2 protein chains.
Amino acid sequence: MRWKCTVAYDGTQFEGWQSQPGGNTIQDFIEARLAVMFERRVVIHGSGRTDSGVHAREQVFHFDADWSHGPDKLIRALRTGYPDSIQVYKAEEVDEDFHARFSVVKKRYTYQFFEGFADPFETRYFWSTGNRRMDVERMNTAGKLLSGKNDFSAFTANPGEERDDDPVKDLSLLRAERIGPRVILAAEADGFLYRMVRSLAGCLFDVGIGKLEPEDVLRIRDSRERKNLVLTAPAEGLFLDRVWY
Amino acid sequence: MRWKCTVAYDGTQFEGWQSQPGGNTIQDFIEARLAVMFERRVVIHGSGRTDSGVHAREQVFHFDADWSHGPDKLIRALRTGYPDSIQVYKAEEVDEDFHARFSVVKKRYTYQFFEGFADPFETRYFWSTGNRRMDVERMNTAGKLLSGKNDFSAFTANPGEERDDDPVKDLSLLRAERIGPRVILAAEADGFLYRMVRSLAGCLFDVGIGKLEPEDVLRIRDSRERKNLVLTAPAEGLFLDRVWY
């Protein structure tokens, strides 16, 4: 019996999604809870990893376990036993051929900038850019140039471990929107490389503040090499927003 | 030379406003920073205390120190040296007869309820009331009955230390507003007793869910005695919103 669950989390205090020896990851907390519920180890499979400090409005995972009390009670059982900053809010039984990672069709991330300093109630969810002002039109010109199916090797970082991801991704959307002092960048693709969104966000930020020209992003992309040119925007501004299957 | 400063803070991780032996209070962090800036102990005087876990959008404090670089540089100096969850954002030189506590004319607090469960990004700022639904009209009927100049001894708690506050306060506003699943209760008065807003919030919540009748609040108030009848709403929903001088 396979269950597909959706979880939101504030990643501030966790060392990312994926299980780590210290146990302070979202996967570890959920698996610890499942171990109590099912009295055995239950492994969960996420749609993908999120880094330390990255948030999710909608992360999806699946696991196999016999649960005969229906989805509502499963959600309720999965809502206790860990901090409020992790909240499972959807559960449904799915076919055995569903896989949270391999069945992904598309994902959306958003990256949140705050011009100036986000107040204490928002600072965990924005990159505060201080005095630097962004020109959103320039950012969107660059975003359009970067869209499409391409090799994004220039926008990934060495994860320090083997990942054999195909560097060719179909980036269907990369678009910034200004809401007062907040600039929200949305990125949609069939898949993302390690640190790809934060690298795109850093690069578009540099375009926004005039450090790069919009056309520069093509040269960077076509180099297919990670260079110091590409800034990695900090984790706190990043949200995994949606996963399509 | 007296400086009046305004600070916002997320109180989640702190043990309240007032200095404590452990040093994990907002006053302690600000004073530690001032000690570095002025190379001596500088005591700050807040408009009042906030409890452990309570937030402030606008808390005011003053201190005496010679600072010749103007308010902007003072704010900048006061914005470093402690967590982002404490942010000084206003500073002005004031007359020596200004006192952050004794010159207060009126204060506003808001108490934030969330019907259901606030998501991981709001849970620090709301009291999630689960399945219990509030009737805001009933709450406002009770709020109106409680408004005015009265003895609020029934809505305070023993602070465990001597406080010789006058129990008579002029409560000029006590009004709830619904915004979707969020219910925001505003309270304005010339002063508030220890735990008074959280007691009023707890009491109005009980009226909202039908556990108390609106008229019951008058009987409670006129008893001038703290009884188990009055629920103290949890700290995380409370914000010090504004201080008038």
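Cβ coordinates are placed from backbone N, Cα and C, and glycine is handled just like the others.
For the domain 'Pseudouridine synthase I TruA alpha/beta' (A:7-102), the predicted model reports an average pLDDT of 96. What TrEMBL lists as domain 'Pseudouridine synthase I TruA alpha/beta' is A:7-102 (among others).
Reduced to three states, the DSSP call for A:ASP51 (active site, nucleophile) is coil. Under 8 Å, Cβ to Cβ, and six or more positions away along its own chain, A:ASP51 (active site, nucleophile) finds A:GLY11, A:GLY16, A:ARG195, A:ARG198, A:ALA235, A:LEU238. The feature active site, nucleophile is assigned by TrEMBL to A:ASP51.
Here A:TYR109 (substrate binding site) comes close to A:ALA186, A:ALA187, A:GLU188, A:PHE192, A:VAL197, A:LEU238, A:PHE239, A:LEU240, A:ASP241: these same-chain residues lie at least six apart in sequence, with C-beta atoms under 8 angstroms from its C-beta. Residues annotated as substrate binding site in TrEMBL: A:TYR109.
When DSSP labels each residue, the domain 'Pseudouridine synthase I TruA alpha/beta' (A:144-245) comes out as 30 helix, 31 strand, 41 coil, counted as helix, strand and coil in that order. The domain 'Pseudouridine synthase I TruA alpha/beta' feature in TrEMBL is assigned to A:144-245 (among others).
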